[in-house]
């Protein structure tokens with residue numbers, strides 16, 4: 001299995017694990033009870049705490065949930081006796097991203113003063129950007145308390161100081177003066193040693209593949225894989241030669257074989273050395289690269305067996321002066337080398353990954369079994385062919401008949417040693433023995449070689465039984481046995497192949513493909529291909545609840561919220577819990593999605609990201625989600641939760657938790673009081689980034705030093721505003737003329753107020769100041785120009801009115817005035833252009849002083865009688881008479897009744913006079929309008945129609961002469 005052999009090798013952020021591991025190593029080496037540190041975000045204002053270990057919580061008395069999002073300067077622990085200068089130095093260290101250490105007095109949660117030795121170090125990411133601060137705390141109160149304290153006099157003081165010095169040896173070493181020779185050492189390395197992280201540089205906060213020390217070899221690298229195949233071949237060589245040498249009693253006089261065996265022994269010795277420096281896969285699927293753990297694991301497992309199999313027995317047996325008994329003993333000890341086959345057994349999962357290798361191994365195993373049985377068959381025949389008691393040879397032995405057949409019979413040496421000599425050669429004997437064992441293993445034999453003695457017959461029977469079993473196992477049921485023995489493995493490989501085909505079909509990017517494959521491998525290594533839900537469905541309800549309680553035991557034991565829960569309550573909760581395995585980089589929650597579950601972190605580490613900033617780092621024992629039992633609505637996540645390493649989460653859904661809490665009311669109260677969320681995804685943290693603050697400050701300074709914008713009169717932006725203003729003025733003028741024409745046709749009588757008030761009320765436009773160089777008055781140019789143009793267009797009434805406040809200049813009447821307005825188109829255009837550039841104060845002033853007559857409005861406005869009626873009974877103050885504030889409302893005061901009757905009669909008389917005058921005007925206007933329409937139709941262009949009134953539209957002088965209203 002690839003995942004089980006390789007381990008979990010996906011890139012992951014092991015920063016938190018490295019800090020905890022190194023802190024634990026330092027704790028053990030310095031005989032400390034615990035280490036105390038917090039991590040703060042360096043990119044957020046006030047550097048909020050994103051992680052605190054258990055040691056700091058015990059030391060300060062605060063719960064982790066209470067410490068989260070507080071300032072990393074630990075200002076919440078300051079008190080009356082805290083030195084302000086030291087606290088300011090701490091703050092400056094954070095602002096300048098420096099590494100420093102301080103002695104400062106702080107207060108625990110119960111307001112007990114404690115002296116701390118605080119060490120601050122910045123943590124950088126792969127872009128060399130400071131993203132976190134690591135702050136460690138050491139209690140040095142024992143060295144800061146006054147000696148003259150009454151509670152610490154005499155032997156009690158001595159005992160207290162002794163205990164403090166014994167338990168705080170590491171702190172004492174930190175406080176001892178530094179020698180002058182080391183003062184020039186770089187600050188980074190000194191502080192790294194002070195931080196008790198060894199000689200290594202502080203770990204970086206980034207995603208990286210698991211690294212191994214320089215002298216450690218990865219067990220899945222190319223070199224180690226090739227080396228394992230070489231060891232496999234040499235192991236088979238040993239398994240073949242050792243039984244042969246022991247059975248045939250061959251003394252290693254051949255120098256070539258002696259050298260070869262010696263080289264093999266040296267290679268196996270080298271393999272022992274490599275095993276002390278090779279990683280292995282832990283029980284959780286992780287790659288173990290710690291040298292100490294590797295050595296301990298190898299010494300406890302295969303070291304003794306490998307060492308016994310590597311002793312140079314052949315070299316000792318090769319000496320001539322060795323006693324025969326000792327030589328036989330060492331020849332027998334060669335069998336110990338067969339223990340090298342254990343190397344094949346422990347690496348079998350590596351070899352059977354390939355189908356061809358499985359077939360080769362099976363054939364080799366069958367041949368090796370036949371070889372061993374052939375050696376045993378020859379040893380039995382050689383022992384029984386000569387009867388030592390009678391000193392005679394057995395003529396029915398297969399060895400004697402083989403010797404007669406090959407022409408090398410046994411003969412008795414009468415003159416020499418007095419023993420039987422001769423017989424077939426060893427090569428012929430070995431081939432014959434192997435032939436017999438092969439025929440016996442694969443069939444019942446052919447009878448040309450048959451056992452004759454009792455020992456040979458017993459061995460033949462045993463060999464036939466073994467042969468039938470081997471044949472049926474290896475050749476008869478290979479597929480069936482492998483499907484049964486490796487059903488999960490086959491399913492795993494089938495799943496891997498399906499995933500590979502899917503990734504290849506849809507051309508998934510390489511990085512995402514590797515993440516998918518690593519996730520499948522890690523999930524398989526955790527579950528071993530076992531479907532937990534399927535197994536639980538087999539069990540009855542009571543047993544299923546007990547299993548669920550056992551599976552979630554870590555959550556129930558670590559969190560105090562479950563301590564008072566009854567067995568029934570725990571079983572109900574355990575049935576609702578789900579276990580989730582997350583790979584590095586997986587997002588458990590996305591910002592904006594609903595938070596419908598409560599998550600407990602059992603292993604691994606996660607980060608909470610809000611607005612692209614890390615606001616919390618969650619580790620073992622942390623809880624995140626939402627307080628469902630206190631909220632009515634479903635929460636919406638305000639941040640992303642992403643796994644940094646391989647994580648195991650125990651999750652319970654919102655509805656399931658509320659159902660259990662509603663049923664167990666007593667537990668519900670205890671649960672709501674004692675369960676503290678390390679991070680609540682419902683609440684959004686309000687913070688300001690340091691980079692944003694700096695950018696805002698730079699922008700403010702830039703604007704302060706920047707010269708004000710001064711646009712010239714011919715600037716395109718200014719022209720654009722002028723064009724918009726002129727278009728609006730033309731539209732308003734057209735609307736007024738249309739209203740005048742409709743009123744004249746219907747014979748309606750409109751009452752017009754004073755000209756200044758009418759102009760301001762009807763054409764009041766809010767003027768936008770474009771630049772300080774071109775001031776614009778509050779009364780727009782449109783109102784002034786519109787009033788003057790209307791005054792030019794209106795026809796004078798034959799008689800003046802006695803009620804007019806100022807005399808009007810003589811004007812051309814009726815049609816003559818219209819002719820005069822057509823001839824002065826250039827003047828109108830120039831006036832409109834001048835008014836579009838800036839408002840003339842003189843025109844505005846003149847407009848305020850002129851008071852029009854009641855019949856001088858172009859829309860036949862409101863008559864003076866109407867104005868008098870409206871203004872009747874109003875008491876005005878001098879400031880109320882200003883024409884620029886027509887909208888101001890004035891109160892009415894009581895007046896006598898006879899005054900009202902006189903006013904009404906006077907208004908009635910004036911209305912009759914007005915009606916007569918309007919009838920005369922209507923007749924004159926009808927004639928003028930008919931003449932105007934005739935002229936306009938004759939001058940109108942057929943291709944480009946133009947509006948009736950374009951008084952304010954900019955145009956050249958040539959076009960003004962051609963067109964009347966250009």
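Heads up, the Cβ atoms here are built off N, Cα and C, so glycines get one too.
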Legend entry - Stretch carrying transmembrane segment according to TrEMBL (options 187-206, 207-226, 227-246, 247-266): 227-246
Legend entry - transmembrane segment range according to TrEMBL, out of 458-482, 483-507, 508-532: 458-482
Inset, instruction - Among 880-907, 908-935, find the range that TrEMBL records as coiled coil. - result: 908-935
Inset, instruction - From the ranges 306-330, 331-355, 356-380, 381-405, grab the one TrEMBL calls transmembrane segment. - result: 356-380
Inset, instruction - For the domain 'PAC' (100-152), jot down how many residues DSSP puts in helix, in strand and in coil. - result: 7 helix, 30 strand, 16 coil
Inset, instruction - Take every residue in the coiled coil (908-935), average their pLDDT values, and give the whole-number result. - result: 84
Legend entry - Positions whose Cβ lies under 8 angstroms from the transmembrane segment (356-380), at least six residues beyond its ends: 236, 239-240, 243-244, 246-248, 429-430, 433-434, 436-438, 440-441, 453, 455-456, 459, 463, 466, 470, 474-475, 478, 482
Legend entry - Beyond the flanks of the transmembrane segment (428-446) by 6 or more, those residues with Cβ under 8 Å of it: 244, 248, 366, 369-371, 373-375, 377-378, 381, 398-399, 402, 406, 460, 463-464, 466-467, 470-471
